[in-house]
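**Q** Have a look at this one before I ask anything.
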There are 2 protein chains.
Amino acid sequence: MEHAPKAIDVTNDVEMRTFNFFTMGIDGHPLGLHLDMAIPTILNNADEEQQKDWLPKAANREFIATYAQTEMGHGTNLKKLETTATYDPKTQEFVLNSPTITSTKWWPGNLGKSSNYAVVMAQLYTQGKCHGAHPFFVQLRDLNTHKPLKGITVGDIGPKFGMNTVDNGFLQFDHVRTPRRSMFMKHAKVLPDGRYVPPVHDKLNYSAMVFIRAAIVSGMAYHLLVTSTIAVRYSAIRRQGEITPGAGEVKVLDYQTQQHRIFPQLARGLAFRLSGQYIMKLYTQTMDDIRNGDISAVPDLHALSCGLKAVTTHHAALGLEQCRMACGGHGYSQASGFPLHYSVAVGACTYEGENMVMLLQTARHLMKIAKAIRAGQSPKSNKIVDYLFHKGPPKCLIDQAYDTNYRNVLESFEHLARRQTLEVYDKLVQLQQQGRNYEQAWNDCAVELCKATRAHVRTFLARTFVEEIDKISDLSIKSVLQDLLQLYLYYEVTECATGLLEDGFMTGQQHKYAKKKIYEALEKIRPNAVSIVDSFDFQDRELHSVLGRRDGNVYENLLKWAQSSPLNKTDVLPFHHKYLGKMMEEARQRSKI
Amino acid sequence: MEHAPKAIDVTNDVEMRTFNFFTMGIDGHPLGLHLDMAIPTILNNADEEQQKDWLPKAANREFIATYAQTEMGHGTNLKKLETTATYDPKTQEFVLNSPTITSTKWWPGNLGKSSNYAVVMAQLYTQGKCHGAHPFFVQLRDLNTHKPLKGITVGDIGPKFGMNTVDNGFLQFDHVRTPRRSMFMKHAKVLPDGRYVPPVHDKLNYSAMVFIRAAIVSGMAYHLLVTSTIAVRYSAIRRQGEITPGAGEVKVLDYQTQQHRIFPQLARGLAFRLSGQYIMKLYTQTMDDIRNGDISAVPDLHALSCGLKAVTTHHAALGLEQCRMACGGHGYSQASGFPLHYSVAVGACTYEGENMVMLLQTARHLMKIAKAIRAGQSPKSNKIVDYLFHKGPPKCLIDQAYDTNYRNVLESFEHLARRQTLEVYDKLVQLQQQGRNYEQAWNDCAVELCKATRAHVRTFLARTFVEEIDKISDLSIKSVLQDLLQLYLYYEVTECATGLLEDGFMTGQQHKYAKKKIYEALEKIRPNAVSIVDSFDFQDRELHSVLGRRDGNVYENLLKWAQSSPLNKTDVLPFHHKYLGKMMEEARQRSKI
């Protein structure tokens with residue numbers, strides 16, 4: 001931290017993040033939540049006076065704060081958080097309490113050891129009534145001794161799959177008093193006498209979530225592009241088997257199976273990146289709209305962001321593992337970087353909203369749209385969902401001559417999303433007519449509802465990819481990216497082929513055509529693959545990978561990396577003669593007798 | 001080790017393995033390769049005199065040996081191993097040498113620090129000619145000092161994704177001399193004058209691989225059943241959301257999406273277990289046949305074992321992660337046990353034959369069969385592949401009344417395997433007619449070839465599952481397992497639905513029917529799910545999981561587990577005031593100025 005000002009402009013958020021990233025790696029650091037969650041909460045939820053007090057101190061790092069929401073017993077379902085903040089008008093304080101073991105705050109990053117403050121989400125009670133979860137800014141540890149304050153139990157939750165440089169923590173309150181003004185009061189308020197003043201509207205909570213999930217989409221793009229880079233580079237070094245007799249062993253990247261493993265991850269990485277950028281722009285625009293009193297776009301955008309988060313994190317996790325396995329045994333070594341990237345990236349499948357819950361969240365929104373469609377309503381000229389209202393072609397046209405904008409492929413994705421959405425809506429209605437209550441009917445349809453969301457998200461990702469590539473003016477760059485686009489689109493067609501085939505929309509011949517286009521795209525990408533990943537310009541210290549080194553000197557550095565392992569400090573481990581050596585020696589003595 | 005004789009019969013291999021397993025966990029120990037690879041190699045490849053010398057010492061653990069085959073530059077392709085063993089008739093010794101960095105032996109378990117002997121695979125040169133890779137029994141370290149012998153460089157390859165209690169190692173030879181009789185001489189020999197005597201036949205090498213891969217199938221079953229157990233138990237504890245208003249939060253296991261994530265893993269675990277047992281029996285029988293001079297079954301069995309290894313390891317890896325993610329955020333904690341199980345199990349996707357290579361190995365065999373079929377030959381009454389020769393029904397019958405043995409579903413799998421195999425064969429022939437050489441044509445078809453293998457393996461797994469359940473006589477057990485069978489079969493139908501739909505064999509209605517049967521099976525399994533996993537009778541110390549505890553006391557033990565983490569030994573980390581504390585203190589001083 002103290003070296004940062006020498007290297008960068010520390011007031012520039014992007015530069016600061018990049019500096020942190022390069023110096024502290026990808027698995028987290030003690031100020032991560034302070035920068036990513038606590039400060040934004042102060043900005044979004046503290047009133048002017050609170051901001052004036054807290055923000056400069058936070059920016060100067062006079063304290064380290066984190067964001068404590070998730071509890072041991074409840075993560076995604078905020079309504080059921082058990083931590084309470086009960087207002088006592090006599091002392092004008094809130095009393096924070098953890099009434100059960102399951103109410104223990106659990107998982108917040110940097111909570112265990114680093115932070116001395118936290119944004120704490122707790123059920124607000126005042127004048128005998130609960131008003132739901134609200135954020136409070138609470139001191140946890142003494143500023144000088146760093147010891148937990150009276151009534152506070154705090155610690156680390158122990159080792160995890162990854163991100164072990166982050167002290168995810170637990171936190172319990174035993175009737176801890178905190179001033180009235182520690183409640184964040186930009187939106188809701190509690191007056192000194194205990195009266196509760198509700199927020200004007202709660203749509204702003206949505207937008208914060210959209211921001212986080214848009215950031216996750218871009219994060220998944222990053223992980224996929226990094227791991228594709230490693231896999232492509234290593235596959236251009238590794239040789240195995242002959243294709244042309246006598247010509248020597250070929251680079252494994254020449255194998256169709258290897259291309260078919262790696263290149264779709266590259267294409268998906270690009271698709272996620274473009275959609276991540278797009279949705280971040282949409283977020284900024286929607287925030288402007290909200291300030292101008294127009295909140296109409298928020299529900300569609302919020303719903304999309306849930307589904308996008310679930311789909312991109314899931315596909316990134318699968319894709320990272322494909323890249324790892326494409327590197328054979330060496331991919332299993334930490335020298336490859338894959339174990340690090342996977343264990344960090346895969347966390348996103350369960351944090352910030354568990355994926356299955358996310359898919360169903362989007363589906364709730366899709367069912368509202370289906371209801372409007374069945375009621376004969378017109379679309380609201382919203383680009384994200386309007387296609388659901390339109391009628392597409394009755395038959396798939398993917399093998400027909402198409403314009404460069406792949407309308408025929410996009411229409412196929414739209415067809416599937418529309419059909420799946422309406423079919424499951426009709427089923428929901430039917431089950432309720434048969435006597436199931438709404439939630440029961442919902443549960444009976446849950447797997448099919450998730451499929452509707454996935455089809456909707458696929459449509460969005462594909463449309464965005466097509467539109468963004470279309471905007472590129474440099475024709476040589478465009479041509480290379482169009483190969484990746486071709487791969488992406490037809491790969492997605494085969495991924496959802498069952499849905500396209502089962503109602504007779506697509507024919508078997510058309511599915512064959514899609515596969516042919518995939519194999520064709522793989523061949524086109526092959527000669528450019530190394531240049532494509534080199535163009536991302538990742539630094540070696542970002543990749544954390546001997547296999548993915550830019551200079552290609554894999555094998556000698558694999559040996560060097562191994563030799564520097566702590567186990568190799570001595571030829572013979574210091575405790576060898578105490579255990580294994582002794583066991584063998586005694587056995588030899590016995591056999592001599 | 002020294003406690004083993006007090007608890008078990010150490011001469012009983014199964015008891016010994018179980019003892020190791022419970023005392024040393026699942027991520028390996030220093031004698032793993034000695035027991036699993038080195039001793040079996042002595043048994044299978046040493047001649048009588050060599051066995052007499054080496055076997056008692058190995059059994060008594062007078063030395064620890066490992067099996068060093070894989071090199072840095074070549075794993076799966078044995079022909080290209082670079083380590084050489086050149087016979088010198090003058091001294092009657094072999095000279096072992098590592099001519100390049102890529103020839104460094106790399107990955108062998110326990111090679112780094114524990115072993116003082118190794119079975120080394122090296123290219124045998126004698127009288128100026130190379131005879132391919134052969135095994136040699138080589139001393140690596142001094143028996144007393146444990147230091148590497150002259151000319152030998154050996155060490156640990158560093159940390160990995162998992163199995164970090166195993167010292168996977170590297171090994172280089174600089175013209176190391178070893179006696180002629182250190183070559184394993186049961187099959188091939190080199191006479192004192194340097195003449196090479198080839199083995200009678202090489203089919204026995206196949207059979208060892210079949211054994212290992214059969215063991216892997218059972219291992220994958222174990223991992224899937226363990227992780228399903230954790231996920232089912234935790235899902236019966238965890239509550240979230242309401243389905244019936246006012247009835248309180250439901251167990252997450254009541255959600256269709258949760259069942260649809262976990263139960264198929266349970267069903268696959270069972271399928272893999274039954275196929276693992278079946279193929280192990282087949283292996284024993286085939287070994288008997290070989291001893292009686294009948295090697296006819298070996299190629300089919302060997303080919304099947306490659307494909308089975310690839311499919312079961314891949315599905316296990318996916319399934320383990322589904323079980324983990326079904327446990328939400330807590331699944332990411334090492335307290336869940338999932339990170340351990342996943343990182344150990346997923347190693348099998350790349351070791352003992354990289355999966356893509358394995359799929360293509362099976363495909364080579366399928367292409368031979370396709371050739372025989374196209375040439376009008378008759379089947380050889382071999383249960384594994386004969387269905388490929390037969391004509392099945394022209395249309396799918398899965399929605400017709402069926403007998404309990406699911407002939408109609410199995411016929412669907414058979415249809416797909418047969419069609420995919422013959423289609424890709426015809427394509428291979430066509431490409432060669434168009435002027436591609438065989439390996440080029442093969443590469444152009446490689447993704448489709450893998451699909452043929454998967455369809456063939458699916459047929460085998462499903463048929464074995466059906467047949468084994470049919471044999472059960474206890475009707476109440478049978479009934480529960482039939483629910484899992486129903487789920488398994490229709491889940492597999494939907495997994496391969498694209499293939500069944502694209503040629504018009506299956507209709508969209510039939511696909512809907514299969515999905516209905518899945519949802520029906522989930523409902524039937526739900527009330528028995530906890531009893532099913534309890535019946536596996538795993539001990540808590542096998543599960544390594546706070547979430548999967550048999551007594552269900554998850555939350556209080558999660559807290560205890562966390563509190564026992566080393567980071568919680570002190571409330572304030574010893575170095576806090578040196579870094580973060582100092583940073584905050586200095587910032588506070590500055591702001592006071």
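Including glycine, each Cβ sits where the backbone N, Cα and C put it.
Relevant sequence annotations retrieved from TrEMBL are reproduced here:
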DOMAIN    B:20-64  domain 'Acyl-coenzyme A oxidase N-terminal'
DOMAIN    B:67-176  domain 'Acyl-CoA oxidase/dehydrogenase middle'
BINDING   B:THR70, B:GLY109  FAD binding site
DOMAIN    B:206-367  domain 'Acyl-CoA oxidase C-alpha1'
ACT_SITE  B:GLU352  active site, proton acceptor
DOMAIN    B:407-584  domain 'Acyl-CoA oxidase C-terminal'
**Q** What are the non-local neighbours of the residue listed as 'active site, proton acceptor', defined as same-chain residues 6+ apart in sequence with CB under 8 A from its CB?
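**A** Non-local contacts for the residue listed as 'active site, proton acceptor': B:MET209, B:ILE212, B:ARG213, B:ILE216, B:LYS309.
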**Q** Specify the secondary structure state of B:GLY109 (FAD binding site) as given by DSSP, simplified to three classes.
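**A** B:GLY109 (FAD binding site) sits in coil per DSSP, no helix or strand.
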**Q** Could you pull out which residues elsewhere in the chain have a CB under 8 Å from any CB of the domain 'Acyl-coenzyme A oxidase N-terminal' (B:20-64), counting only those six or more residues past its ends?
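**A** Here the qualifying positions are 1, 3, 108-111, 113-119, 135, 137, 143, 162-167, 181, 184-187, 204, 208, 340-341, 343-344, 539, 541-542, 544.
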**Q** If we take B:THR70, B:GLY109, B:GLU352 as the recorded positions, which have a Cβ under 8 Å from chain A?
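**A** Among the recorded positions B:THR70, B:GLY109, B:GLU352, the ones whose Cβ sits under 8 Å from a Cβ of chain A are B:THR70.
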**Q** Mean pLDDT over the domain 'Acyl-coenzyme A oxidase N-terminal' (B:20-64): what is the value?
**A** 91
**Q** Let me check the 10 A CB neighbour count of B:GLY109 (FAD binding site). How many other CB atoms are there?
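**A** Other Cβ atoms within 10 Å of B:GLY109 (FAD binding site): 24.
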**Q** I'd like the Cβ neighbour count for B:THR70 (FAD binding site), meaning other Cβ atoms within 10 Å of its Cβ, all protein chains included.
**A** 21
**Q** Tell me the residue counts in helix, strand and coil for the domain 'Acyl-CoA oxidase/dehydrogenase middle' (B:67-176), as DSSP assigns them.
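**A** So the domain 'Acyl-CoA oxidase/dehydrogenase middle' (B:67-176) is made up of 3 helix, 50 strand, 57 coil.
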